[in-house]
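Below you'll find the structure, written out as structure tokens, and then a few comments.
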Amino acid sequence: MSTRGSRTEKVKRIFQKFDANRDGGLNREEMAALVVAVNPRVKFSDEQISAILDEVFRTYGEFIDGEKGLTYDGLLRTYDDGAGDVDRDFDALGLDLNTVVDDGIFAALEEASSSSIVDERVIEAQKKQRTAAWAVSPNHGIVFDDTWKIVDDLEILIKRLKAKQSKDGKVKGDNSDAYSDAGWSRELGPSTEISEKRIHWEESGHDYALFLKELAALRTRADGARSREEAFDGHMAIGRVLYEHQLFKEALVSFKRACELQPVDVRPHFRAGNCFYVLGKYKEAKDEYLLALEAAENGGNQWSYLLPQIYVNLGIALEGEGMVLSACEYYREAAILCPTHFRALKLLGSALFGVGEYRAAVKALEEAIFMKQDYADAHCDLASSLHTMGDDDRAIQVFQKAIDLKPGHVDALYNLGGLYMDLGRFQRASEMYTRVLALRPNHWRAQLNKAVSLLGAGEADEAKKAMKEALKMTNRVELHDAIFHLKQLQKKKKLNGAANGEADFIVVESTKFKTVGDRTTLRQDLASALEIRSFQKITRLIRCDVDLLKKEMSENDVPISYSGGGAPEKAIRKPALEVILRRLLSFLKSETFQESVRAINEKILMLLDESGSGKVDVGIFYALVAPICGGLPDKRKRVAYDALLWRPVNEGSTEIRRSDAIRYIKLLRAIYIPSQGISEMMEIHGETGSDNTTVTLTDFLTMFDDPDWGFGVMSTLVKLERGDRIRHGNRVCSVCRYPIIGSRFKETKARFSLCSLCYSEGKVPSSYKKETYTFKEYGTESEALKDKCKCFPAHTKKNSPNNSS
């Protein structure tokens, strides 16, 4: 094996041979010549050469010197990373170590002189050859000579550990460049591919214990330095080397020690944050980034180069906690400080998409792509935003561009499958999901969607097989229902030969639907209540007891500000409201909390933020969510009233202004019953507030419960909350053929049954065409059984109940 010295010498000769224009870099043409020359038996196509060069120039972006191309240090790094075999390539090119070096770039290395100045130059050049680029960076590199000795010894320890664990088959994965996002510093933290490129060290066993013991000795050497600055330098360097080799827990120990030595230095806090993030400790990462940000802002221009990176990583850590609205603020700051920061713009666009602000997301993502044309992730999120906005033709093109740039882009393939499903192009959708499963065989959602798309394409047997495969991956109840649904469709197909096994139905206007008794819900009310119930489930607000809202108002006051009209209000920015929501929904995981915030932002916050200032009235917000939180209905209404009292315009009073009550009711209807409140929505912002009369709680409740002008639908909503998980045995809806869950609506004469959704949409089987339909609602099967028994008195035996449905 070549020694390090001969390796660098050989790389130098290779570099010199292909640096045809002697500008100190290998451009794409020169690199192509090198690739072809060292692989004489391989016949590369132009596309293959181009792909290889794209990968090299992307991966080693920090070593690219403008138009000159890959530097000598970059070529050396490619060999160090195992991208090629130095000895093989050197021999294949027929080079000789005695070759004369005539290029001025390397003259200093060949110069033999007793001059101390020249010796230092040689030493510095050797340091650059043997060490990652960060170590010699003027901004955050190694300062003291003794630190170099510690770094050299640590590299030896890590190589020894890696050799032992590789021999035993314990170390898994080896990609030290797992954390860069093309074109940006590794300091930006892990990329989306970290889980695929992560090295997994075996931390149990004698080898690792010995490594920790020797590492502790190196840390002791660093602590024993002649000055606090040198000790800091040593611990920072130890942490950096450990981080480069993905020994994150040990790197964190070193960075935390560096924080103790120099608490106001930005770098150790920043790097400790990176370690915490990779280890999945997002709150700790956020705290370290905030400390880094505070130190950077107090340090003047010294740390200005690092500020955009701190903002970006702080945003990423906040996203890890589910705080996407807050993350948007920091991505914006990074983009303002560094307008060419395409990754900050991409992250901003993705976060805006995540909170439902699609137009702003499109703008940010388009800017990111303008700066970096081959940014596959940005193309994927842009396409998703376009699809959500209804621009499906362009979305398909952009999704395809993302897949062309990165054929294994799982998100792009999966989301394109969803787009095709929405368009009814089921065969193309199943093809996309098949490609996802080829890349991720355990992707149960892709397997489930493949089954649904096959069903839509009329391939019921294949759909059933795909559904069973999904069931092997996860035992979720909806999969059991879907399989049952498939069986019901196949039964119906055999009975009446319906095309593709689909149930035939007609949609009947609401005036033709009649009800039996007061307990049967009106179709229009049920449709509105189902929408609100769906919102409750997405936001999980039903799991937030309304008492928590009351507690939030009493314990965490909001500073009073003044609106454009001069009225006092308790208004805060959306990210601050997101913090309140996190307290209210503390039981949610970060991903679920993101879904909740997105739904709340789309449905409520965007309407409240009429001026686009990013601020919302907290009292109005509390009053709007109170009716859909958990707790008794009367308590919810009372808390809504208290929230309106809590606002500065009513504070200190026991009654609220009538104009506030009217505006609140209109907002409530516009948000939750938009089909009935469109005209009211237009009137909301025109409310003059000139009516200074007040209303009591009793008056407010009367207004609230009004079925035509208030929120009378709440009684139906409460009924859904109590019973929408109740099953009716094996009964299925006569239209959709799914098991009936929740209320069952039975047509009293034709005796077919509908689920809540089909009833609310006015769907009836096409075989039952009538002028009017009369329905009776059953919350449980026991209610239906009691009703059936009433029809058959005990003294008669003429009829059998078996023919009743």
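For all residues, glycine too, the Cβ spot is worked out from N, Cα and C.
All annotation found in TrEMBL is predicted automatically rather than curated by experts.
TrEMBL lists 6-41 with the feature domain 'EF-hand'. The repeat 'TPR' annotation in TrEMBL covers 232-265, 376-409, 410-443.
Looking at the repeat 'TPR' (376-409) alone, the prediction's average pLDDT is 95. With helix defined as DSSP H, G or I and strand as E or B, the repeat 'TPR' (232-265) counts 27 helix, 0 strand, 7 coil.
Sorting the repeat 'TPR' (410-443) by DSSP state (H, G, I as helix; E, B as strand; all else coil) yields 27 helix, 0 strand, 7 coil. DSSP labels the residues of the domain 'EF-hand' (6-41) in these numbers: 23 helix, 1 strand, 12 coil.
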